[in-house]
Amino acid sequence: MSTEIQTELHQAVELRRNFAIISHPDAGKTTLTEKLLLYGGAIHEAGAVKARRAQRKATSDWMAMEQQRGISITSTVLQFEYQNCQINLLDTPGHQDFSEDTYRTLAAADNAVMLIDVAKGLEPQTRKLFEVCKLRGLPIFTFINKLDRPGREPLELLDEIEQELGLQTYAVNWPIGMGDRFKGVFDRHKQQIHLFERSAHGSKEARDTTVELGDPRIEELLEEDLYYQLKNDLELLEGVGPELDLDLVHQGKMTPVFFGSAMTNFGVELFLKYFLDYALKPGVHISSVGEVPPTYPEFSGFVFKLQANMDPKHRDRVAFIRVCTGKFEKDMTVNHARTGKIVRLSRPQKLFAQERESIDVAYPGDVIGLNNPGVFAIGDTIYTGQKLEYEGIPYFSPELFATLRNPNPSKFKQFQKGISELREEGAVQIMYSNDEAKRDPIMAAVGQLQFEVVQFRLQNEYGVETILELLPYSVARWVEGGWEALNKVGRIFNTTTVKDSMNRPVLLFRNEWNCQQLQGDHPELKLSAIAPVFSSQTVE
(Lines of atoms letter the chains of each structure in order from A; the text may use other names.)
(Lines give C-alpha, C1' and ligand atoms only; values in the text may rest on other atoms or scores of the structure.)
Protein backbone atom coordinates (compact mmCIF):
# COMPACT_ATOMS: atom_id res chain seq x y z
CA MET A 1 0.00 0.00 0.00
CA SER A 2 1.36 3.42 -0.92
CA THR A 3 2.09 5.86 1.89
CA GLU A 4 -0.39 8.38 0.43
CA ILE A 5 -3.30 5.91 0.46
CA GLN A 6 -2.38 4.67 3.93
CA THR A 7 -2.30 8.25 5.26
CA GLU A 8 -5.58 9.12 3.52
CA LEU A 9 -7.38 6.08 4.97
CA HIS A 10 -5.94 6.63 8.45
CA GLN A 11 -7.04 10.29 8.49
CA ALA A 12 -10.51 9.43 7.18
CA VAL A 13 -11.05 6.76 9.86
CA GLU A 14 -9.85 9.10 12.63
CA LEU A 15 -12.51 11.65 11.66
CA ARG A 16 -15.48 9.28 11.42
CA ARG A 17 -18.04 8.23 14.01
CA ASN A 18 -21.00 5.98 13.44
CA PHE A 19 -23.86 5.21 15.83
CA ALA A 20 -27.45 4.05 16.18
CA ILE A 21 -30.00 5.20 18.75
CA ILE A 22 -31.96 2.52 20.62
CA SER A 23 -35.00 3.26 22.76
CA HIS A 24 -38.53 2.34 23.72
CA PRO A 25 -41.30 4.11 21.76
CA ASP A 26 -41.92 7.68 22.95
CA ALA A 27 -38.59 8.05 24.77
CA GLY A 28 -37.84 11.02 22.50
CA LYS A 29 -35.59 9.38 19.91
CA THR A 30 -36.77 11.34 16.88
CA THR A 31 -36.51 14.57 18.88
CA LEU A 32 -32.94 13.76 19.99
CA THR A 33 -32.04 12.88 16.40
CA GLU A 34 -33.34 16.23 15.17
CA LYS A 35 -31.43 18.13 17.86
CA LEU A 36 -28.16 16.38 17.01
CA LEU A 37 -28.72 17.44 13.40
CA LEU A 38 -29.45 20.97 14.58
CA TYR A 39 -26.09 21.20 16.37
CA GLY A 40 -24.35 19.54 13.43
CA GLY A 41 -25.66 22.28 11.14
CA ALA A 42 -27.50 19.75 8.97
CA ILE A 43 -30.80 21.48 9.67
CA HIS A 44 -31.44 25.02 10.87
CA GLU A 45 -34.66 24.50 12.76
CA ALA A 46 -35.91 21.36 14.45
CA GLY A 47 -39.51 20.23 13.87
CA ALA A 48 -40.80 17.94 16.61
CA VAL A 49 -43.04 15.11 15.40
CA LYS A 50 -45.59 15.49 18.16
CA ALA A 51 -45.65 19.30 18.25
CA ARG A 52 -49.09 20.70 17.64
CA ARG A 53 -47.69 23.94 16.29
CA ALA A 54 -47.31 24.50 12.56
CA GLN A 55 -43.72 23.27 12.59
CA ARG A 56 -42.47 21.18 9.72
CA LYS A 57 -42.30 17.39 9.73
CA ALA A 58 -39.36 15.71 11.44
CA THR A 59 -36.48 15.20 9.04
CA SER A 60 -35.92 11.54 9.87
CA ASP A 61 -39.61 10.55 9.59
CA TRP A 62 -40.01 10.79 5.81
CA MET A 63 -42.38 8.00 4.82
CA ALA A 64 -46.01 9.10 4.36
CA MET A 65 -47.29 6.73 7.05
CA GLU A 66 -44.63 7.92 9.53
CA GLN A 67 -45.63 11.53 9.05
CA GLN A 68 -49.31 10.66 9.47
CA ARG A 69 -48.81 8.71 12.70
CA GLY A 70 -45.83 10.49 14.24
CA ILE A 71 -43.79 7.30 14.76
CA SER A 72 -40.62 6.00 13.14
CA ILE A 73 -41.23 2.74 11.27
CA THR A 74 -38.19 2.45 9.02
CA SER A 75 -34.52 3.04 9.70
CA THR A 76 -32.98 6.12 8.14
CA VAL A 77 -29.39 7.22 7.58
CA LEU A 78 -28.52 10.81 8.51
CA GLN A 79 -25.03 12.14 7.83
CA PHE A 80 -23.63 15.42 9.13
CA GLU A 81 -20.40 17.07 10.24
CA TYR A 82 -19.53 18.40 13.68
CA GLN A 83 -16.12 19.75 14.73
CA ASN A 84 -14.53 18.34 11.55
CA CYS A 85 -15.90 14.85 12.24
CA GLN A 86 -18.09 13.03 9.71
CA ILE A 87 -20.96 11.53 11.69
CA ASN A 88 -23.22 8.76 10.40
CA LEU A 89 -26.36 8.58 12.52
CA LEU A 90 -28.34 5.41 11.88
CA ASP A 91 -31.83 6.35 13.00
CA THR A 92 -33.76 3.20 13.91
CA PRO A 93 -37.52 2.57 14.24
CA GLY A 94 -38.82 3.27 17.71
CA HIS A 95 -41.89 1.07 17.37
CA GLN A 96 -41.50 -2.37 18.93
CA ASP A 97 -42.80 -4.19 15.83
CA PHE A 98 -39.74 -3.11 13.90
CA SER A 99 -36.99 -4.88 15.80
CA GLU A 100 -35.90 -6.67 12.60
CA ASP A 101 -35.11 -3.41 10.83
CA THR A 102 -33.37 -2.18 13.98
CA TYR A 103 -31.28 -5.36 14.18
CA ARG A 104 -30.11 -4.93 10.60
CA THR A 105 -29.20 -1.31 11.30
CA LEU A 106 -27.23 -2.26 14.42
CA ALA A 107 -25.17 -4.59 12.22
CA ALA A 108 -23.86 -1.45 10.47
CA ALA A 109 -23.24 0.59 13.65
CA ASP A 110 -19.99 0.98 15.60
CA ASN A 111 -21.65 2.48 18.69
CA ALA A 112 -25.12 2.63 20.24
CA VAL A 113 -26.82 5.45 22.12
CA MET A 114 -29.37 4.13 24.62
CA LEU A 115 -32.09 6.72 25.19
CA ILE A 116 -34.04 6.49 28.46
CA ASP A 117 -37.07 8.47 29.65
CA VAL A 118 -36.22 9.83 33.13
CA ALA A 119 -39.76 9.11 34.35
CA LYS A 120 -39.91 5.51 33.10
CA GLY A 121 -36.37 4.15 33.29
CA LEU A 122 -35.59 0.93 31.42
CA GLU A 123 -38.51 -0.30 29.31
CA PRO A 124 -39.07 -3.63 27.47
CA GLN A 125 -37.98 -2.51 24.00
CA THR A 126 -34.82 -0.90 25.40
CA ARG A 127 -33.89 -4.13 27.18
CA LYS A 128 -34.49 -6.19 24.02
CA LEU A 129 -32.35 -3.89 21.86
CA PHE A 130 -29.66 -3.76 24.55
CA GLU A 131 -29.35 -7.55 24.25
CA VAL A 132 -28.75 -7.19 20.50
CA CYS A 133 -26.05 -4.57 21.18
CA LYS A 134 -24.51 -6.85 23.79
CA LEU A 135 -24.37 -9.74 21.31
CA ARG A 136 -22.55 -7.47 18.86
CA GLY A 137 -20.23 -6.06 21.55
CA LEU A 138 -21.23 -2.46 20.79
CA PRO A 139 -20.15 0.35 23.14
CA ILE A 140 -23.27 1.89 24.68
CA PHE A 141 -23.68 5.57 25.57
CA THR A 142 -26.70 6.44 27.71
CA PHE A 143 -28.70 9.66 27.38
CA ILE A 144 -31.34 10.08 30.09
CA ASN A 145 -33.94 12.33 28.52
CA LYS A 146 -36.88 14.56 29.47
CA LEU A 147 -35.26 16.17 32.53
CA ASP A 148 -37.57 19.13 31.89
CA ARG A 149 -40.38 16.91 33.23
CA PRO A 150 -40.79 15.26 36.65
CA GLY A 151 -39.03 11.90 36.85
CA ARG A 152 -37.18 9.35 38.95
CA GLU A 153 -34.06 10.07 40.98
CA PRO A 154 -30.88 10.00 38.83
CA LEU A 155 -29.04 7.70 41.28
CA GLU A 156 -31.98 5.28 41.17
CA LEU A 157 -31.75 5.14 37.36
CA LEU A 158 -27.99 4.47 37.43
CA ASP A 159 -28.61 1.63 39.87
CA GLU A 160 -31.34 0.19 37.61
CA ILE A 161 -28.97 0.16 34.60
CA GLU A 162 -26.28 -1.57 36.66
CA GLN A 163 -28.60 -4.14 38.24
CA GLU A 164 -30.76 -5.03 35.22
CA LEU A 165 -28.27 -4.74 32.35
CA GLY A 166 -25.07 -5.64 34.19
CA LEU A 167 -23.39 -2.46 32.94
CA GLN A 168 -21.14 -0.29 35.06
CA THR A 169 -22.20 3.35 34.83
CA TYR A 170 -20.22 6.58 34.87
CA ALA A 171 -22.16 9.85 34.97
CA VAL A 172 -20.27 12.23 32.67
CA ASN A 173 -22.59 15.04 33.70
CA TRP A 174 -25.14 15.46 36.49
CA PRO A 175 -28.52 17.21 36.39
CA ILE A 176 -29.29 20.29 38.45
CA GLY A 177 -32.97 20.11 39.33
CA MET A 178 -35.75 18.41 37.40
CA GLY A 179 -39.08 19.31 35.80
CA ASP A 180 -39.84 23.03 35.97
CA ARG A 181 -36.74 23.45 38.14
CA PHE A 182 -34.30 21.84 35.68
CA LYS A 183 -31.56 24.47 35.46
CA GLY A 184 -28.73 22.67 33.67
CA VAL A 185 -26.01 20.07 34.19
CA PHE A 186 -22.66 19.79 35.94
CA ASP A 187 -19.77 18.61 33.71
CA ARG A 188 -17.72 16.31 35.98
CA HIS A 189 -14.70 16.21 33.67
CA LYS A 190 -14.27 19.98 33.35
CA GLN A 191 -15.78 20.75 36.77
CA GLN A 192 -18.13 23.29 35.19
CA ILE A 193 -21.80 24.09 35.64
CA HIS A 194 -23.83 24.72 32.47
CA LEU A 195 -26.97 26.75 33.12
CA PHE A 196 -29.32 26.70 30.15
CA GLU A 197 -31.66 29.29 28.70
CA ARG A 198 -34.78 27.98 27.02
CA SER A 199 -35.09 28.62 23.27
CA ALA A 200 -38.35 28.93 21.33
CA HIS A 201 -39.85 25.45 21.79
CA GLY A 202 -36.32 24.06 21.44
CA SER A 203 -36.24 24.77 17.71
CA LYS A 204 -32.97 26.72 17.97
CA GLU A 205 -29.69 25.85 19.68
CA ALA A 206 -29.80 26.35 23.45
CA ARG A 207 -27.67 29.14 24.93
CA ASP A 208 -25.94 28.38 28.20
CA THR A 209 -23.96 30.15 30.91
CA THR A 210 -20.83 28.28 32.00
CA VAL A 211 -19.66 28.72 35.59
CA GLU A 212 -16.63 27.11 37.26
CA LEU A 213 -17.48 25.01 40.32
CA GLY A 214 -15.62 27.33 42.69
CA ASP A 215 -17.18 30.51 41.31
CA PRO A 216 -18.89 32.51 44.12
CA ARG A 217 -21.73 33.42 41.71
CA ILE A 218 -23.07 29.86 41.85
CA GLU A 219 -25.03 30.45 45.03
CA GLU A 220 -26.67 33.49 43.43
CA LEU A 221 -27.47 31.68 40.17
CA LEU A 222 -28.84 28.51 41.80
CA GLU A 223 -31.54 28.19 44.40
CA GLU A 224 -30.07 27.14 47.74
CA ASP A 225 -31.66 23.68 47.91
CA LEU A 226 -30.55 22.83 44.34
CA TYR A 227 -26.99 23.91 45.10
CA TYR A 228 -26.75 21.72 48.22
CA GLN A 229 -28.45 18.81 46.47
CA LEU A 230 -25.80 19.03 43.72
CA LYS A 231 -22.96 19.10 46.27
CA ASN A 232 -24.34 16.06 48.11
CA ASP A 233 -24.90 14.08 44.90
CA LEU A 234 -21.37 14.82 43.66
CA GLU A 235 -19.82 13.72 46.96
CA LEU A 236 -21.78 10.47 46.74
CA LEU A 237 -20.75 9.89 43.11
CA GLU A 238 -17.07 10.53 43.85
CA GLY A 239 -17.23 8.27 46.90
CA VAL A 240 -18.88 5.16 45.48
CA GLY A 241 -18.88 5.49 41.68
CA PRO A 242 -16.16 3.98 39.46
CA GLU A 243 -13.72 6.02 37.38
CA LEU A 244 -14.37 6.33 33.66
CA ASP A 245 -12.55 3.50 31.85
CA LEU A 246 -12.71 3.86 28.05
CA ASP A 247 -11.41 0.31 27.55
CA LEU A 248 -14.45 -0.99 29.45
CA VAL A 249 -16.69 1.39 27.47
CA HIS A 250 -15.34 0.07 24.17
CA GLN A 251 -15.87 -3.51 25.35
CA GLY A 252 -19.52 -2.74 26.11
CA LYS A 253 -19.04 -3.24 29.88
CA MET A 254 -19.38 0.36 31.05
CA THR A 255 -21.74 3.06 29.82
CA PRO A 256 -21.03 6.80 30.05
CA VAL A 257 -24.28 8.46 31.18
CA PHE A 258 -25.51 11.91 30.14
CA PHE A 259 -28.55 13.83 31.37
CA GLY A 260 -30.56 16.38 29.42
CA SER A 261 -33.72 17.33 27.59
CA ALA A 262 -33.80 16.85 23.84
CA MET A 263 -37.04 18.82 23.55
CA THR A 264 -35.47 21.97 25.05
CA ASN A 265 -31.91 21.18 23.78
CA PHE A 266 -30.49 21.12 27.33
CA GLY A 267 -27.39 18.92 27.41
CA VAL A 268 -27.54 17.79 23.78
CA GLU A 269 -24.41 19.57 22.55
CA LEU A 270 -22.42 18.51 25.64
CA PHE A 271 -23.37 14.92 24.89
CA LEU A 272 -22.33 15.26 21.24
CA LYS A 273 -18.91 16.70 22.13
CA TYR A 274 -18.08 13.93 24.60
CA PHE A 275 -19.48 11.25 22.32
CA LEU A 276 -16.97 12.25 19.62
CA ASP A 277 -14.14 11.95 22.16
CA TYR A 278 -15.23 8.63 23.69
CA ALA A 279 -16.86 6.68 20.83
CA LEU A 280 -15.20 3.93 18.83
CA LYS A 281 -13.89 4.90 15.42
CA PRO A 282 -14.61 2.49 12.54
CA GLY A 283 -12.81 -0.74 13.42
CA VAL A 284 -12.08 -4.27 12.25
CA HIS A 285 -14.79 -6.49 10.75
CA ILE A 286 -14.91 -10.28 10.86
CA SER A 287 -14.85 -11.81 7.40
CA SER A 288 -14.34 -15.18 5.73
CA VAL A 289 -10.60 -14.44 5.66
CA GLY A 290 -10.41 -13.31 9.30
CA GLU A 291 -10.34 -9.82 10.79
CA VAL A 292 -10.06 -7.00 8.27
CA PRO A 293 -8.95 -3.53 9.49
CA PRO A 294 -10.61 -0.39 8.04
CA THR A 295 -7.26 0.73 6.61
CA TYR A 296 -7.02 -2.41 4.44
CA PRO A 297 -6.37 -0.84 1.00
CA GLU A 298 -8.99 -2.77 -0.98
CA PHE A 299 -12.59 -1.55 -0.87
CA SER A 300 -15.25 -3.69 0.80
CA GLY A 301 -18.68 -3.20 2.34
CA PHE A 302 -22.00 -4.92 2.98
CA VAL A 303 -25.68 -4.25 2.34
CA PHE A 304 -27.62 -3.78 5.59
CA LYS A 305 -30.84 -2.30 4.22
CA LEU A 306 -32.88 -2.02 1.03
CA GLN A 307 -35.57 0.60 0.53
CA ALA A 308 -38.03 0.89 -2.34
CA ASN A 309 -39.67 4.16 -3.34
CA MET A 310 -37.65 6.56 -1.21
CA ASP A 311 -38.56 9.01 -3.95
CA PRO A 312 -42.15 8.14 -5.02
CA LYS A 313 -41.79 10.32 -8.12
CA HIS A 314 -39.08 8.05 -9.51
CA ARG A 315 -40.13 4.64 -8.10
CA ASP A 316 -36.52 3.96 -7.20
CA ARG A 317 -34.85 1.26 -5.12
CA VAL A 318 -31.83 2.01 -2.97
CA ALA A 319 -29.33 -0.34 -1.32
CA PHE A 320 -27.70 1.01 1.85
CA ILE A 321 -24.03 -0.02 1.95
CA ARG A 322 -21.82 0.22 5.05
CA VAL A 323 -18.24 0.86 3.89
CA CYS A 324 -15.91 -1.40 5.91
CA THR A 325 -12.47 -1.05 4.31
CA GLY A 326 -10.57 0.94 1.73
CA LYS A 327 -11.80 3.84 -0.35
CA PHE A 328 -15.03 3.85 -2.33
CA GLU A 329 -14.89 5.78 -5.61
CA LYS A 330 -17.69 6.64 -7.98
CA ASP A 331 -18.02 4.32 -11.02
CA MET A 332 -15.66 1.71 -9.55
CA THR A 333 -16.27 -1.96 -10.40
CA VAL A 334 -16.56 -4.45 -7.56
CA ASN A 335 -17.10 -8.16 -7.06
CA HIS A 336 -20.48 -9.29 -5.75
CA ALA A 337 -19.62 -12.13 -3.35
CA ARG A 338 -22.96 -13.98 -3.41
CA THR A 339 -23.34 -14.18 -7.20
CA GLY A 340 -19.72 -13.88 -8.32
CA LYS A 341 -20.71 -11.12 -10.75
CA ILE A 342 -18.81 -7.91 -11.40
CA VAL A 343 -20.91 -4.83 -10.67
CA ARG A 344 -20.24 -1.20 -11.62
CA LEU A 345 -21.22 1.20 -8.84
CA SER A 346 -22.53 4.23 -10.67
CA ARG A 347 -24.49 7.14 -9.22
CA PRO A 348 -23.55 6.64 -5.54
CA GLN A 349 -25.39 8.93 -3.16
CA LYS A 350 -24.90 10.50 0.22
CA LEU A 351 -28.09 9.94 2.20
CA PHE A 352 -29.98 12.32 4.43
CA ALA A 353 -33.39 10.83 5.23
CA GLN A 354 -35.30 11.20 1.93
CA GLU A 355 -32.84 13.69 0.46
CA ARG A 356 -29.79 12.55 -1.48
CA GLU A 357 -26.82 14.11 -3.18
CA SER A 358 -24.17 12.58 -5.41
CA ILE A 359 -20.81 11.68 -3.91
CA ASP A 360 -17.47 10.78 -5.48
CA VAL A 361 -15.72 9.07 -2.55
CA ALA A 362 -16.56 7.38 0.76
CA TYR A 363 -14.48 5.86 3.55
CA PRO A 364 -14.84 3.20 6.30
CA GLY A 365 -17.74 4.05 8.59
CA ASP A 366 -19.66 5.88 5.86
CA VAL A 367 -23.00 4.73 4.52
CA ILE A 368 -23.72 5.19 0.83
CA GLY A 369 -26.85 4.63 -1.23
CA LEU A 370 -26.68 2.71 -4.50
CA ASN A 371 -29.44 2.28 -7.05
CA ASN A 372 -30.48 -1.33 -6.78
CA PRO A 373 -31.97 -2.83 -9.96
CA GLY A 374 -32.55 -6.21 -8.29
CA VAL A 375 -28.83 -6.90 -7.80
CA PHE A 376 -28.42 -6.67 -4.03
CA ALA A 377 -29.96 -8.54 -1.11
CA ILE A 378 -29.65 -7.76 2.60
CA GLY A 379 -26.33 -9.10 3.91
CA ASP A 380 -24.54 -9.09 0.53
CA THR A 381 -20.81 -8.30 0.49
CA ILE A 382 -19.12 -6.30 -2.28
CA TYR A 383 -15.34 -6.07 -2.54
CA THR A 384 -12.25 -5.47 -4.68
CA GLY A 385 -9.06 -7.52 -4.51
CA GLN A 386 -8.93 -10.80 -2.60
CA LYS A 387 -12.31 -12.50 -2.15
CA LEU A 388 -13.88 -11.97 1.23
CA GLU A 389 -17.37 -12.13 2.67
CA TYR A 390 -18.80 -10.64 5.85
CA GLU A 391 -21.15 -12.45 8.19
CA GLY A 392 -24.73 -12.47 6.96
CA ILE A 393 -27.59 -10.77 8.79
CA PRO A 394 -30.13 -13.29 10.15
CA TYR A 395 -33.91 -12.92 10.17
CA PHE A 396 -35.87 -12.78 13.43
CA SER A 397 -38.36 -15.56 14.07
CA PRO A 398 -41.82 -14.20 13.13
CA GLU A 399 -44.75 -14.53 15.53
CA LEU A 400 -47.68 -13.35 13.38
CA PHE A 401 -48.83 -14.78 10.06
CA ALA A 402 -51.44 -13.73 7.49
CA THR A 403 -52.33 -14.40 3.87
CA LEU A 404 -52.51 -11.34 1.64
CA ARG A 405 -54.99 -11.33 -1.24
CA ASN A 406 -55.24 -9.05 -4.24
CA PRO A 407 -58.98 -8.92 -5.11
CA ASN A 408 -58.37 -7.04 -8.37
CA PRO A 409 -56.90 -9.26 -11.17
CA SER A 410 -56.00 -6.18 -13.25
CA LYS A 411 -53.51 -5.20 -10.52
CA PHE A 412 -51.69 -8.56 -10.59
CA LYS A 413 -48.37 -7.17 -11.88
CA GLN A 414 -48.33 -4.25 -9.43
CA PHE A 415 -49.19 -6.63 -6.57
CA GLN A 416 -46.37 -9.03 -7.47
CA LYS A 417 -43.88 -6.18 -7.89
CA GLY A 418 -44.86 -4.59 -4.59
CA ILE A 419 -44.65 -7.85 -2.64
CA SER A 420 -41.28 -8.67 -4.20
CA GLU A 421 -39.75 -5.27 -3.47
CA LEU A 422 -41.11 -5.00 0.07
CA ARG A 423 -39.83 -8.51 0.82
CA GLU A 424 -36.39 -7.68 -0.55
CA GLU A 425 -36.08 -4.63 1.66
CA GLY A 426 -37.11 -6.68 4.71
CA ALA A 427 -40.39 -4.88 5.46
CA VAL A 428 -41.90 -8.32 6.07
CA GLN A 429 -40.96 -11.98 5.49
CA ILE A 430 -42.86 -13.71 2.68
CA MET A 431 -43.66 -17.41 2.59
CA TYR A 432 -45.75 -19.58 0.27
CA SER A 433 -47.92 -22.65 0.77
CA ASN A 434 -46.69 -26.00 -0.54
CA ASP A 435 -50.14 -26.43 -2.06
CA GLU A 436 -49.85 -25.11 -5.63
CA ALA A 437 -53.56 -24.22 -5.59
CA LYS A 438 -52.88 -21.67 -2.83
CA ARG A 439 -50.98 -18.89 -4.58
CA ASP A 440 -51.55 -16.04 -2.13
CA PRO A 441 -48.39 -15.00 -0.27
CA ILE A 442 -48.16 -15.61 3.47
CA MET A 443 -46.76 -12.63 5.36
CA ALA A 444 -44.72 -13.39 8.48
CA ALA A 445 -43.96 -10.58 10.91
CA VAL A 446 -42.65 -9.77 14.36
CA GLY A 447 -45.57 -7.41 15.06
CA GLN A 448 -48.99 -6.38 13.76
CA LEU A 449 -47.85 -2.94 12.58
CA GLN A 450 -45.64 -4.58 9.93
CA PHE A 451 -48.79 -5.90 8.22
CA GLU A 452 -50.37 -2.45 8.32
CA VAL A 453 -47.25 -0.88 6.82
CA VAL A 454 -47.16 -3.39 3.94
CA GLN A 455 -50.83 -2.83 3.14
CA PHE A 456 -50.44 0.95 3.38
CA ARG A 457 -47.37 0.98 1.14
CA LEU A 458 -48.93 -1.38 -1.43
CA GLN A 459 -51.81 1.07 -1.75
CA ASN A 460 -49.79 4.29 -1.47
CA GLU A 461 -46.78 3.33 -3.61
CA TYR A 462 -48.11 0.62 -5.95
CA GLY A 463 -51.83 1.47 -6.19
CA VAL A 464 -52.96 -1.95 -4.94
CA GLU A 465 -55.69 -2.54 -2.36
CA THR A 466 -55.35 -5.84 -0.48
CA ILE A 467 -57.30 -8.10 1.87
CA LEU A 468 -55.53 -9.49 4.94
CA GLU A 469 -56.55 -12.77 6.58
CA LEU A 470 -54.80 -13.68 9.84
CA LEU A 471 -53.58 -17.26 10.25
CA PRO A 472 -53.67 -19.19 13.56
CA TYR A 473 -49.90 -19.65 13.95
CA SER A 474 -47.47 -18.07 16.41
CA VAL A 475 -44.24 -20.06 15.99
CA ALA A 476 -42.00 -20.58 12.93
CA ARG A 477 -39.02 -22.92 12.72
CA TRP A 478 -36.59 -23.44 9.83
CA VAL A 479 -35.52 -27.02 9.13
CA GLU A 480 -31.76 -27.47 9.25
CA GLY A 481 -30.72 -29.63 6.32
CA GLY A 482 -33.59 -28.38 4.15
CA TRP A 483 -36.11 -30.50 2.28
CA GLU A 484 -33.90 -33.59 2.33
CA ALA A 485 -33.85 -33.65 6.14
CA LEU A 486 -37.60 -33.00 6.33
CA ASN A 487 -38.51 -35.71 3.82
CA LYS A 488 -36.53 -38.33 5.78
CA VAL A 489 -38.85 -37.86 8.76
CA GLY A 490 -42.00 -38.72 6.84
CA ARG A 491 -45.43 -37.54 7.91
CA ILE A 492 -45.60 -35.04 10.78
CA PHE A 493 -48.59 -33.71 12.73
CA ASN A 494 -49.80 -30.44 14.31
CA THR A 495 -47.76 -28.30 11.96
CA THR A 496 -48.07 -26.69 8.53
CA THR A 497 -45.14 -26.80 6.11
CA VAL A 498 -44.50 -23.73 3.97
CA LYS A 499 -41.50 -22.46 2.01
CA ASP A 500 -39.73 -19.15 2.45
CA SER A 501 -38.60 -16.81 -0.32
CA MET A 502 -35.45 -18.90 -0.80
CA ASN A 503 -37.51 -22.10 -1.13
CA ARG A 504 -36.38 -23.43 2.26
CA PRO A 505 -38.84 -25.45 4.38
CA VAL A 506 -40.42 -23.65 7.34
CA LEU A 507 -42.71 -25.31 9.87
CA LEU A 508 -45.55 -23.21 11.32
CA PHE A 509 -47.05 -24.11 14.70
CA ARG A 510 -50.08 -22.81 16.57
CA ASN A 511 -48.08 -22.62 19.79
CA GLU A 512 -44.76 -23.44 21.41
CA TRP A 513 -46.17 -26.63 22.93
CA ASN A 514 -46.88 -28.13 19.47
CA CYS A 515 -43.34 -27.25 18.42
CA GLN A 516 -41.83 -28.95 21.46
CA GLN A 517 -44.06 -31.99 20.93
CA LEU A 518 -42.76 -32.42 17.37
CA GLN A 519 -39.16 -32.13 18.55
CA GLY A 520 -39.86 -34.77 21.19
CA ASP A 521 -41.39 -37.12 18.60
CA HIS A 522 -38.60 -36.49 16.05
CA PRO A 523 -35.35 -35.61 17.85
CA GLU A 524 -33.46 -36.22 14.59
CA LEU A 525 -35.16 -33.15 13.09
CA LYS A 526 -33.08 -30.06 13.88
CA LEU A 527 -35.15 -26.87 13.97
CA SER A 528 -33.94 -23.27 14.18
CA ALA A 529 -35.78 -20.09 15.23
CA ILE A 530 -33.48 -18.04 13.00
CA ALA A 531 -33.30 -18.48 9.24
CA PRO A 532 -29.99 -19.95 8.06
CA VAL A 533 -27.65 -17.23 6.85
CA PHE A 534 -26.74 -17.87 3.24
CA SER A 535 -23.05 -17.36 2.56
CA SER A 536 -20.87 -18.79 -0.16
CA GLN A 537 -18.04 -18.97 2.38
CA THR A 538 -18.08 -19.81 6.03
CA VAL A 539 -16.55 -17.40 8.49
CA GLU A 540 -13.37 -18.74 10.02
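Using the three backbone atoms N, Cα and C, a Cβ is placed for every residue, glycine included.
Pulled from Swiss-Prot:
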DOMAIN    14-283  domain 'tr-type G'
BINDING   23-30, 91-95, 145-148  GTP binding site
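Every protein chain shown contributes to the tally, and the Cβ of Leu147 (GTP binding site) ends up with 27 other Cβ atoms within 10 Å.
Between the binding-site residues Ser23, Asp26, Lys29, the minimum number of other C-beta atoms within 10 Å of a residue's C-beta occurs at Asp26. This prediction places the mean pLDDT of the domain 'tr-type G' (14-283) at 83.
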